[in-house]
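Heads up: the structure comes next, in structure tokens.
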Amino acid sequence: MRTYVVGGAVRDALLGLPVKDRDWVVVGATPDEMLARGFRPVGKDFPVFLHPQTQEEHALARTERKTGRGYAGFAFHTAPDVTLEEDLARRDLTINAIARDADGTLIDPYGGVADLHGRVFRHVSPAFAEDPVRILRVARFAARFADFSVAPETLALMRAMVDNGEVDHLVAERVWQEFARGLMEAHPARMIRVLRDCGALARLLPELDRLFGVPQPAQHHPEIDTGEHVLMVVEQAAARAHSLPVRWATLLHDLGKGETPAAILPHHYGHEARSADLARQVSERLKAPVDCRDLAVMVAREHGILAQAAVLRAETMVKVLERCDALRRPERFALMLEAAACDHLGRGGERPENWAPAAQWQAALAAVRSVEAGAIARACADKAQVPQRIHAARVAAVKALRAHPPPAEGIS
């Protein structure tokens, strides 16, 4: 029985990156032998065991055979005579098909070390095309390793996989899982670019794909292209280390611009309402978590008016705060402001160092929350008038704030 560290642990160590988890391949063993050594079985589809001391995963060397469409149609074969090279051959990219033995010697039958040095994502074998999830994985790796490029032959294979309908068999949960992981990488825009380059974005997220090439007014968007603007906004969210809900919201905030009538371009009147509807549809189709869905819908609907805090009437500001449930959910409203700030900062040309509307909205929210709704309700004889009285008091509080505004700070 021989054991080897494989995959991401070897790759990251060679790149000088921290190694969080180690996966092992075991050659020359049977499940019974693993059990006799105290390993605990955890694999459902193929033999995977946890080491009795380290709890690290040890998988018996195996080969794979395609049996159907999509990512689930595989048959696995494990036996003591399956070699390490055969196990590595089933992996997606050469940089993930490197093993290290107990002495530290690298086993690299497919040129992964050379591709690490060349900063290239290259598929190990034509079997790459058997699993459409690999398209999403390559795109996610592009978001993590920003200085890598996809080998031309690998990109061509990915395009062929899209053309033959393999990606259409991906289940929503798996698409969301890979999208979410990619969005949380350092450069999520690169994930979107790779998916677009191979044609997968048009199949998986057509609402986003159609934004590319749609013009916007140069006065507000020097970058012109709506798709490019969205990627700049997502990059702003990543640069500020925002949470997944904020990053998802920035990705979907302008979807409605893809449905703007051509006759009114480059203007996009009413795109916020269209964007909110599409953000909900996309989030539900991909089965995104509720917090991601709700924030995306609200940011899409409100990002335009949030940017206008300086010119809004007190009445309008209070209506927005009430509509966003900001009094009960101030933390979520703060996330909306963060996403709206990314929208403002994620564009071409010169940008101010901070986004002033954030401080204006937070000050207005504080003023509204200072209104004692309970006291107003107790003092009002006509209970039917209580909501209007409370609303009027909130408007008065914001008007008073406008008369003596706090120092402008904003989100930098």
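Just so it is clear, glycine is given a Cβ too, placed from its N, Cα and C backbone atoms.
Fair warning: this is a prediction, and the values are worked out from it, not measured in the lab.
Taken straight from Swiss-Prot:
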type	residues	note
BINDING	Gly8, Arg11, Arg91, Arg137, Arg140	CTP binding site
BINDING	Gly8, Arg11, Arg91, Arg137, Arg140	ATP binding site
BINDING	Asp21, Asp23	Mg(2+) binding site
DOMAIN	226-327	domain 'HD'
Extent of the ATP binding site in Å [max Cα distance among Gly8, Arg11, Arg91, Arg137, Arg140]: 16
Across the domain 'HD' (226-327), average pLDDT on the 0 to 100 scale: 94
Pairwise CA distance, Asp23 (Mg(2+) binding site) versus Arg11 (CTP binding site), rounded so that it is a whole Å: 12
Among Arg11, Arg91, Arg137 [binding-site residues], residue with fewest other Cβ within 10 Å: Arg137
Cα distance (Å, whole number) from Asp21 (Mg(2+) binding site) to Arg91 (CTP binding site): 18
Sparsest-packed among the binding-site residues, when each Cβ's other Cβ atoms within 10 Å are tallied, from Asp21, Asp23: Asp21
Residues in the domain 'HD' (226-327) grouped by DSSP into helix, strand and remaining coil: 76 helix, 0 strand, 26 coil
